[in-house]
């Protein structure tokens, strides 16, 4: 699960001007009807993964992968965008990967001591001042808030997916399954996603090949051609979060509650383990405040289906 960083003292500045809309790097999905929610009864009650309910979506486009460090760097270079983590001056880093002077270690999160608030941690320095993203251009960008993700999407001529679009896309055409590839976590003894193995939060055996983030085209894509819809990094959705929303959700193209305190997160991350998180299931939900950031928060973009490819933004 992600953890909130304290809110910046100043309000976020207006985002960049919207670019012409683009479907570059995206897969077109036909839409249609699907059963949304947890059919296995494995979710946390407070997450509101039930009742399973029928949703019907119009066709839409969605990114094949999470947004990478390289793509986010292009956005920052073009716009001068300053992330919420940079504005506040610190962000949440998992305790085993902190790379910062002792003076930059500002303390742990209440109830989640494995999360350390690190001065100077942000998307360019994801583990702290002694880290950088050299050699990681194709890893998902992290330490990005919902506000940052929305600003990027606007610049790229895209938008964030709705929660319903995200789950439909993540399922890869499989109905009623636990994961994007079926019901077994490791079919044939092979890992299909980047999550925690070992004893959380102190021992990660990295059987899946990764201790932290993995390149965005690791493992296999799902049936829709989307990569890493389970694990690696949490992905922001456009919706406000409510644990009771599924009981009142409209059937056609739901967009979430009209207001709220937190935005929806989907997909789980490299820190998910069944003893702690278990949110790499395709129906799993989480949430965080729009200005929160951490070393396992990222995003991918979506768009309407009546568009043609073409923006030069990326």
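Each residue, glycine too, has its Cβ placed from N, Cα and C.
Straight from Swiss-Prot, the features:
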type	residues	note
BINDING	194, 195, 208, 210	Ca(2+) binding site
BINDING	272, 277	Cu(2+) binding site
COMPBIAS	1-20	compositional bias 'Low complexity'
REGION	1-31	region 'Disordered'
Legend entry - Surrounding CB atoms that lie within 10 Å of the CB of residue 194 (Ca(2+) binding site), all protein chains: 27
Legend entry - Pairwise Cα distance for residue 210 (Ca(2+) binding site)/residue 272 (Cu(2+) binding site) [Å, integer]: 13
Inset, instruction - Identify, among the binding-site residues 195, 272, 277, the residue whose Cβ has the fewest other Cβ atoms within 10 Å in this structure. - result: 277
Legend entry - Other residues, Cβ within 8 Å of 194, 195, 208, 210 Cβ centroid (Ca(2+) site): 191, 193, 196, 197, 206, 209, 214, 218, 231, 232, 270
Legend entry - Top Cα neighbour of residue 272 (Cu(2+) binding site) in the set of binding-site residues 194, 195, 208: 195
Inset, instruction - Could you measure between residue 277 (Cu(2+) binding site) and residue 208 (Ca(2+) binding site) for me? Cα positions, answer in whole angstrom. - result: 17
